[in-house]
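K.L.:
The compositional bias 'Basic residues' annotation in TrEMBL covers B:142-159. The compositional bias 'Polar residues' annotation in TrEMBL covers B:492-503. Sequence annotations record features per position, and here TrEMBL assigns domain 'Cation efflux protein transmembrane' to B:11-261. Annotation source TrEMBL lists domain 'Cation efflux protein cytoplasmic' at B:346-418. Taken from TrEMBL, the feature region 'Disordered' applies to B:141-178, B:476-503. Look at TrEMBL and you will find B:41-60, B:81-100, B:112-133, B:239-264, B:310-331 tagged as transmembrane segment.
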């Protein structure tokens, strides 16, 4: 789309500008012996890195969609890049903090106050330019996105208006969060430049000359420490956000408890296990689960409903593995984990512990007899050791351990057996 | 043997390093040497790296699914490795900056003897750390690639004592957030062990073991053994590289100080001295005094000149070399952990050949949405949609499919069968699920399966890949359930309504 070329142009311009100023600030900071300027230059470096990350991940994501090396594409590159950037910035802040503490122990004056002042002011100007550019672009993407979503979703909207409406509200909220995040970030940057300007002004107005250090020398390091905290306060939320994605956590806004409850209530589903929900990147949620059904027809009926439940939860890529009930396996265990139990340690989640597995208490379709042809895939093979179980005690466990199941559910399941 | 426990090793190194940091700070105050103070903060960065690794290890031992993370926290170690690698890169960057600064303004080392002493002590500690973290793979248990060889540890009955697992207060807090867990008791202590066959599993015994608050299902010995796989190795490698960098730094410090002590001619404090290495405005005075001295002639010796200047540049040069070495060794770690976090296919698996193997199975018409990714270590996860003509064919072929995956090392798979309808033979029916075009942007891969690199996310054509056409067995469905047709009619698009009516 045309938007890409404009955005890339803007990005490259910002990139060059930021790189130049990073070098200028760094050199001036060392020459003028001002730690605040050096820390501001590190801030700019981090901005530079995030710009590079944005550019390169955009390019990577566009170029190699889904190759043999990455079946999901590289859309996660942005998260990894953001995490690396945040950690890099934190490490740099750590070293700046150390230097500031050393400066407090042994204060030194700013040598060349004019240079520092000039460069600091220019840096502030660059930050403000960046702020304007960013806000501009975010506003533009926001309006474009809302327009496009209106276009794409008009016909099904009539039927699904409540859901679509709530989704659009969520989009608006996330866009607002985006803008706020960007604003906060740039304000933090600007604050850093302001600190530099303050420190340099003091030295410019009240030059120290050759006199020993007085209170003036303590301003630079102390303001720097304050600045470090400001920078860190913008880095840590970023780390937390990307950790959610990278650690395969359940995305925010998805309530696993509610979701599994709803799924268990879908007619035709006897039980479900191995429910996994995770976020690939940028709002794309993926889920996989195994459902146990009595018959193939049950499964096909249920599959649609299951996807609907997921859709309402905001998860649109779902892979469902049907398993058919046989009385040899517990309802909550996977009938076909892998071809042998030896692989247990390499399963994503050990089969020995089944958490988040649920039985369907409303088992109106379950009638004790299980249909012959729809046997479980793996049960007939000898290399799988299906544990022998005692049905009664299994219910006992359900009663005791399954806190979430209401008493009614456990009653029903016992009648089934 | 406590030293084979990763956490113990990390804690031990952490304690040592922190102690040394404190010692260095004290010594630097006593001798008022700023250089030593700044050097001591390198140790502090080591401490931080160790803390990161420790947190990762603690997290990664919770392998069970929780409400917040359905995969458990096994990936924490990979993330810890990445964080450490990036941290190390940042430190290299700051060292680089310092070295450049030293080039422009060389410093002398004050009190080289003290520096040598502390440097040697730091080197010893770092070497100890290197030894600790180098042999993390070696030990009594070694690698168990999950084929459950019955280690002595695994046959402990579950009610037996668990020496290594001290359920601290932290553990109880951890478990509070986990959902109710059901432990499948029979497979408790016997992956492929010998005792499972035919042994009636005693549920009550294990129920007694299960404390809802505590170590329920925490198989400490099993977990500790099996997890010396690649994700743990990554984490330890990160720590190892940090300690290695610190050791290099100590080596440089010691070498520099030794050479300084040996070769440097310092300026004595009481005499005018000419220091040609430092460019300052005092040089004119120095030359003046030198000429004066010569003119006087009474002092036989000339004004002492501060020692060989190249010594002052030794430090930054060595630092540059160290930075190069560190970056060279850190880059593979960075790459590996990043690739895992990016959900790429592990390098030992060839997706094309897997795809073709699956396709050539008889009964399989098409394979799409094949995704393979590595959770952490040896846990590789795969999902696929397999298109079969009807459910009974699928039953026959299902085991073969799992075997193919198993042979590649992918043990956690989710296979979704899809059944072609009578009418649509192209294999790609319209998705009648709620996720239609409006969700295309939010699907993981909302494009046509062939890897054409178009921006098909934004296209408005119905090329959704969740193509499960549930049109077969219409009669059976209608007799079975009364609610289905109404549901379908309510949510279908127009195209599917046509399908229904035609049947």
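Even glycines carry a Cβ here, placed using N, Cα and C.
So that I understand the layout, could you describe where these features sit and how close they are to other parts?
P.N.:
Note on the domain 'Cation efflux protein cytoplasmic' (B:346-418): mean pLDDT across this stretch is 87.
Long-range contacts of the transmembrane segment (B:239-264) within the same chain: residues 10, 13, 39, 42-43, 45-46, 49-50, 53, 84-85, 87-88, 91-92, 95, 108-109, 112-113, 115-116, 119-120, 122-123, 126-127, 129-130, 133-134, 306-308, 311, 314-315, 318-319, 322, 325-326, 329-330, 333, each at least 6 residues beyond the stretch ends and with a Cβ under 8 Å from a Cβ of the stretch.
When Cβ-Cβ distances below 8 Å are used as the criterion, the transmembrane segment (B:310-331) is approached by residues 85, 88-89, 92, 95-96, 98-100, 102-103, 106-108, 241, 244-245, 248-249, 252, 255-256, 259-260, 263-264, 277 of the same chain, each at least six residues removed from its ends.
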K.L.:
Could you count the residues of the domain 'Cation efflux protein cytoplasmic' (B:346-418) that DSSP puts in helix, in strand and in coil?
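P.N.:
Each residue of the domain 'Cation efflux protein cytoplasmic' (B:346-418) counted once, the result is 27 helix, 28 strand, 18 coil.
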